[in-house]
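Student: The structure follows.
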């Protein structure tokens, strides 16, 4: 039973070690040659996550399988930091997205439209920065979301649904009335709309609101995933703590209790420490 936790930790970290290789490979592949702004935006997190998972898994695997206390101690610290980080993400995600968005119904339409002021100030600030929005805009363009609705007829807009990004970025707000002699008093997005495909309503507040609605929906799913990951990390930390204690018991000089067991297979540095202690006794 004493070796069970070490075996579990060793196998789990071997799996995560192998899983980090494709993640690193994807990040390196995106870094090869010319890449778009959207690819550059995704490349750095991929490389960072893959590198961290690789190092943590390597420390856990070496510590559990080769019974190295320092490696297991580092692994425990990192797993604890990850637990706190995921818990912070869960609280932050719930706080930011709990009472915002949702959109409002458009009379005679299946889809909804979205307003920027319906979202939290923190989320609004992320899309109001021109530099950040330029990167996000390139990602929306590369996704070709609007190309799917360019051939729609007016009847299609009455009968078919739109995603939040399509509703905000691919058409002007439904309240716009371009048949009027003057457009004063209308939504400012009515003036930002342009029929040119590279422009459309990508600079509209409704487009930014549609993006935030997509982010909110994704975050709601990510919060659930983070809760599952947090529970997994708690179980992993418990198993790693047992493995850490088992590794300590196999130390030549047991630090937290007296070791009365004679080991048939001494640790890898046992003979080195024995030779060093004998040399010190001869010298002094």
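Note: Cβ is positioned from N, Cα and C throughout, glycine not excepted.
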Student: Quick test of your reading of TrEMBL: among 73-94, 95-116, where does it put transmembrane segment?
Tutor: 73-94
Student: Looking at the ranges 46-66, 130-150, which is given as transmembrane segment in TrEMBL?
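Tutor: Going through 46-66, 130-150 one by one, TrEMBL gives transmembrane segment for 46-66.
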Student: Among 222-244, 245-267, where does TrEMBL put the label transmembrane segment?
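Tutor: In TrEMBL, residues 222-244 carry the label transmembrane segment.
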Student: Residue list, the transmembrane segment (46-66) vs rest of chain: Cβ under 8 Å, 6 or more residues beyond ends.
Tutor: 5-7, 9-10, 12-14, 16-17, 19-21, 23-24, 26-28, 30-31, 72-75, 78-79, 240, 243-244, 247, 268
Student: Using a Cβ cut-off under 8 Å, which residues of the same chain at least 6 positions beyond either end of the signal peptide (1-25) come close to it?
Tutor: 46-47, 49-51, 53-54, 56-58, 60-61, 63-65, 67, 75, 236, 239-240, 242-243, 246-247, 249
